[in-house]
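Mind having a look at this structure? Questions to follow.
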Amino acid sequence: MNIAAKPPLTIRLCGPRGFCAGVDRAIQIVVLALKSYGAPVYVRHEIVHNRYVVEGLEAKGAVFVEELDEIPAEHRAQPVVFSAHGVPKSVPEDAVSRNLFYLDATCPLVSKVHKQAMRHNRLGRHVVLIGHAGHPEVIGTMGQLPEGSVSLIETIEDADAYIPVDADNLGYVTQTTLSVDDTAGVIARLQERFPNLTAPAADSICYATTNRQEVVKQAAPGCDLFIIVGAPNSSNSKRLVEVALRAGAKKSILVQRAAELDWDEIGAISTLGLSAGASAPEVIVNEIIEAFRARFDARVELAETVQETENFLVNRELRSIELTAADMAFVNG
């Protein structure tokens, strides 16, 4: 009996991909808090936008809440962790008023944007925030300043329609996970309309967002399908889908697990692009590769632009706790 040969497939695996330093740090903070203080450790909002990560932490004893008033009175001696996206100033103030011990897992690069926005405000500038309405990072950044101090711009059309109170006294910052190209277009339009618009001291879009978009741009041309591993509420993952399509992939999709793959829809392909958003764990990337290997004679080739070496320290209270490979195996494999 002849067994049909598997069709050949080239998988262009992008590097860098997956966890950035800020996401890695945030997950480590929850894991170390559980080791240090025991379960439950409460986390306000999803620590990162990935259900696999959230469920893995829940299995270890983390409890996710949307607001601090959801924490039972009998557990108020337990720590609460703020997510990597950052929070408005009112949240730590609320924690203090409730006598809660909190650990802030805000990405240091998001904290930098907060400081840039506050500096604009301190110098008397109205802050223009380029970002997506409703995203936790945008809510957190806007919440650093008094109400009315920030105007949100999402698109070039918004930039065209924006009418400031004082056009000569504006400063901008951006969400860290935006499309690099789209954001450049919005900034250019704002600068065209408001020549005195003050830029932040450093680019607000983070290194990981930029790096992941650049390698997807390089790998996408000629791909029959480009898969981005990530959650539907992950801003940076959704931007990667858009980047792949613009760069020449015939089709690009966002998936969270291999079980979501629709093989009838995928059909006959010969070249697959594969990357992962900054909150997607490597174990899922491997899961996707193995799913394709089960159906194709797959050859993986690495498409790499840069190697990332960034590393952010966890909170001082947790630095004496040992973090082992076993502690992080649920996301790293």
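Every residue gets a Cβ built from N, Cα and C, even glycine.
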Taking Swiss-Prot at its word that C107, C206 bind [4Fe-4S] cluster, choose the one of C14, C20 listed for that site.
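For the [4Fe-4S] cluster site that includes C107, C206, Swiss-Prot also lists C20.
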What Cα-Cα separation, expressed in whole Å, is found between T176 ((2E)-4-hydroxy-3-methylbut-2-enyl diphosphate binding site) and C107 ([4Fe-4S] cluster binding site)?
10
Given the binding-site residues H49, H135, S234, S235, N236, S279, which lie within 10 A of C107 ([4Fe-4S] cluster binding site) by CA-CA distance?
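Final answer: none.
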Near the [4Fe-4S] cluster site, what residues other than C20, C107, C206 in the same chain have a C-beta no further than 8 Å from the centroid of the listed C-beta atoms?
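Other same-chain residues with Cβ inside the cutoff are A21, G22, V23, A84, P108, L109, V110, T176, T177, Y207, A208, T209, A278.
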Considering only the recorded positions C20, E137, C206, which residue has the minimal Cα-Cα separation from S234 ((2E)-4-hydroxy-3-methylbut-2-enyl diphosphate binding site)?
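Comparing Cα positions, the closest of these recorded positions turns out to be E137.
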How big is the gap, in Å, between the Cα of C206 ([4Fe-4S] cluster binding site) and that of S235 ((2E)-4-hydroxy-3-methylbut-2-enyl diphosphate binding site), rounded to a whole number?
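C206 ([4Fe-4S] cluster binding site) and S235 ((2E)-4-hydroxy-3-methylbut-2-enyl diphosphate binding site) have their Cα atoms 13 Å apart.
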Count the other Cβ atoms sitting within 10 Å of the Cβ of H49 ((2E)-4-hydroxy-3-methylbut-2-enyl diphosphate binding site), across every protein chain shown.
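Excluding its own Cβ, the number within 10 Å is 27.
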Please identify which of T176, S234, S235, N236, S279 has the densest Cβ environment, defined as other Cβ atoms within 10 Å, among these binding-site residues.
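By the 10 Å Cβ neighbour count, S279 comes out on top.
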